[in-house]
Amino acid sequence: MTEPSRRTRGVQHGPRSRQVVEAVRAATLAELARAGFTGVTMDGVARAAGVNRTTLYRRWPTKAALLADVVEPLLARYDADPGTGSLRGDLLALMTAIRDNAARPEGRALIAAATTGAPELGELVRAANARTLGAFHRALARAGERGELEGLGDAEVIAHLVFHGVVMWEQAHGAPPGDADLDRILGALLPGRG
């Protein structure tokens, strides 16, 4: 007599599933903080989250997929435009969001993982940068519609300089940029624009 084959149920949805997702996200952050991206193992995350490895692999087949899921709420913050009505106001709001997101555990995890140069993170890093830069591009496009880009130069370069100016500040100065630092960055890029 043959035994019926065991079938997995696939990705589940509902309250228990949400609890599992949150437990795995928290465990992933804890493991990233403890061991760094290269030291994280799926076994370690499963153990820390109190779930089976099959549960983990069913939803997140790789460490990169785990990290992508952990940082998604951060990246979603860039989907909503600040809409302050001015170029300076929009850029300052986005710069503040980047600084604040980088200070969150998820943000620190993404930045630390990105600096490892792990090839499996290439697509995630590119997607995160594109999504964040997209918010700057939209702000600059709205400013162009309002006539605020006269004499400013290349909007693509401005977007990159503002974004990377905030991201790299902590590495260069040992602390995230304060509000006055954000104003200094904007002042250098938008001279005479308030």
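The backbone N, Cα and C atoms fix where each Cβ goes, glycine too.
Curation plays no part in TrEMBL annotations; they are all automatic predictions.
Remember, it's a predicted structure, so these values are computed and weren't measured experimentally.
Summarising the annotation, TrEMBL assigns domain 'HTH tetR-type' to 18-78. The average pLDDT computed over the domain 'HTH tetR-type' (18-78) stands at 92.
Here TrEMBL flags 41-60 as DNA-binding region.
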(message) Give me the DSSP three-state residue breakdown of the domain 'HTH tetR-type' (18-78), ordered helix, strand, coil.
(response) 51 helix, 0 strand, 10 coil
